[in-house]
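Engineer: When I checked TrEMBL for this same protein, it listed these features:
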- K102: active site, proton donor (ACT_SITE)
- K66, K90, S344: substrate binding site (BINDING)
- T185, N216: NAD(+) binding site (BINDING)
- D142: site 'Important for catalysis' (SITE)
Amino acid sequence: MNALAATNRNFRLASRLLGLDSKLEKSLLIPFREIKVECTIPKDDGTLASYVGFRVQHDNARGPMKGGIRYHPEVDPDEVNALAQLMTWKTAVADIPYGGAKGGIGCNPGDLSKSELERLTRVFTQKIHDLIGIHTDVPAPDMGTNAQTMAWILDEYSKFHGHSPAVVTGKPIDLGGSLGREAATGRGVVYASEALLAEYGKSIEGLTFVIQGFGNVGSWASRLIHERGGKIIAVSDITGAVKNPNGIDIPELLKHKEATGSLKSFSGGDSMDPNELLVHECDVLVPCALGGVLNRENAADVKAKFIIEAANHPTDPEADEILSKKGVIILPDIYANAGGVTVSYFEWVQNIQGFMWDEEKVNEELKRYMTQAYYNIKNMCQSHNCNLRMGAFTLGVNRVARATTLRGWEA
């Protein structure tokens, strides 16, 4: 089942549990606006190339829309739609005053030079500048984009609207980016895990962890779990997988990856089959990579007691059912990886106030938001007698539905 079908299914189940009016349910699914633009740029060799850019703005009942911009060869309108909708529920779960959006350009950033990427980003911004804004829609980086991309958008947008650092988040620190943004998603994953484990009388210290994915989220989550005394016994990324039953030395592994660009031939562990990683014996499994990695083929063999969904949509609905029957506790992506958007919100707040926080304050506020959200989800689980995924979805959908009703959506 793809991301759109899964998100729609979860939304419908949540809406049944909440007993939403069918007209309201229908109107919550319809995006506010879908934008499609042609971006034509001169390539470095003098030829012209044209790329299609999208922005889906899903809902603005709770505040300006928020979501990433990805540069990827397969930017599929359906997927962008699903991700925009997911952002609406995610921001509501975290209780930050945003709605959902998502966008992208269908291109392969690896095939473009830096100056071509800059021209493409500026043309895209020129075409959508009057449809985004500090109080309208605030983009952020996603696959294939980074802080530099945000700097170009900020600069191009400011030519039309005057200096507006709050129009994008995930900016370089020198242009109004927030301290702690880099580590935010991984750190949020750790705070979420601590809240979940505390309820079972456990803490990170002394438990065994398996981490799939060692990019930004996976490497930060690993580093912070390691610092808290968690024992990471297996890690994988696109280059390979490493295991060590006595615990991997994460700072050493980070150095090795920095030096060689790969997890292969790391001296502090043995290599293993990356496919075996997900069914490796451990207490906590943390998928931080792609969607759909836990499916009906491997779910029955998962040995972890807890799964923390740091990736988007790593568990197929079929796997969800198999794992629930086995009594595995799954902390859903819509909550577990909300640390990134929460600190993006802090960045926006700092830019609007023109007053920047120190890193300690950012981390402290993030912990407060993640912990509070966990208690709110648990309350929903109790009132609707449902699992954590439905607890999170009912929490998010209910907040958006209430805001929509209070605004008077039928008028």
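A Cβ is built for glycine as well, from the same backbone N, Cα and C atoms used for every other residue.
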Engineer: Using the centroid of the Cβ atoms of K66, K90, S344 as reference, list every other same-chain residue with Cβ within 8 Å of it (recorded substrate site), in sequence order.
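Structural biologist: In sequence order, the nearby non-listed residues are G67, M87, T91, A94, I96, Y98, G100, A140, A338, G340, V341, T342, Y345.
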Engineer: I need the nearest neighbour of K90 (substrate binding site) among the recorded positions D142, T185, N216, using C-alpha distances.
Structural biologist: T185
Engineer: Between the Cα atoms of T185 (NAD(+) binding site) and S344 (substrate binding site), find the distance and write it as a whole number of Å.
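Structural biologist: The Cα atom of T185 (NAD(+) binding site) is 10 Å away from the Cα atom of S344 (substrate binding site).
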Engineer: Taking every protein chain shown into account, which of the binding-site residues N216, S344 has the largest tally of Cβ atoms within 10 Å of its Cβ?
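Structural biologist: Answer by Cβ density within 10 Å: S344.
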Engineer: Any idea what the Cα distance is from S344 (substrate binding site) over to D142 (site 'Important for catalysis'), rounded to a whole Å?
Structural biologist: 12
Engineer: Any idea what the Cα distance is from N216 (NAD(+) binding site) over to K66 (substrate binding site), rounded to a whole Å?
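Structural biologist: N216 (NAD(+) binding site) and K66 (substrate binding site) have their Cα atoms 20 Å apart.
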Engineer: Which residues does K102 (active site, proton donor) neighbour through Cβ under 8 Å, counting only same-chain ones at least six apart?
Structural biologist: R55, V56, H58, G67, G68, I69, R70, V80, N81, L83, A84, M87, D142
Engineer: If you draw a 10 Å sphere around the Cβ of T185 (NAD(+) binding site), how many other Cβ atoms fall inside it, taking every protein chain shown into account?
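Structural biologist: Within a 10 Å radius of the Cβ of T185 (NAD(+) binding site) lie 24 other Cβ atoms.
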